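Colleague: Positions annotated as N-acetylserine by Swiss-Prot, on the basis of experimental evidence: 2. If you look up Swiss-Prot, you'll see 2-143 marked as domain 'Globin'. Under the heading O2 binding site, Swiss-Prot lists 60. Residues or ranges marked as heme b binding site in Swiss-Prot (evidence: sequence analysis): 89.
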């Protein structure tokens, strides 16, 4: 699925409104993922504290949203722009790519609850397409 110019503009516009809250969004999304999808805890078993908002959760949420920020900046070529992250997740971290979709859903839930006026139906569709494209780009090295 490719992103239209309209989708790209909508994602960039939404990102410009939410990027100041990226760390909070990341923390809340990762916390939500671990609570709602407990099977994802297996990737973080080496952390001493998996409670929502813990130091490790916050740090990982910040990393995740840093990756989303990178993706927004590389929106015209996500496959090339996220190549290093794809390689890291495929070969070093060995994350099942199905988990990207789970985290994407959690990110959208958090954004929609934090920014209800900005999360219009159009923004929702464009962000969903964008995050799906990010998941696809991250899964590229698994093939």
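Cβ atoms here come from the backbone N, Cα and C positions, even for glycine.
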Colleague: In three-state terms from DSSP, label residue 2 (N-acetylserine) for me.
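Modeller: The residue in question, residue 2 (N-acetylserine), is coil (DSSP, three-state).
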Colleague: Name the residues of the same chain, 6+ apart in sequence, whose Cβ is under 8 Å from the Cβ of the residue listed as 'O2 binding site'?
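Modeller: Once residues fewer than 6 apart are set aside, the residue listed as 'O2 binding site' is near 26, 30, 44.
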Colleague: So what sits near the residue listed as 'N-acetylserine' in its own chain, CB-to-CB under 8 Å and at least six residues off in sequence?
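Modeller: Once residues fewer than 6 apart are set aside, the residue listed as 'N-acetylserine' is near 133.
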Colleague: The domain 'Globin' (2-143): mean pLDDT?
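Modeller: That stretch averages a pLDDT of 95.
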Colleague: If I restrict to non-local contacts, at least six residues apart, and a C-beta distance under 8 angstroms, what lies near residue 89 (heme b binding site) in its own chain?
Modeller: 95, 97, 138, 141
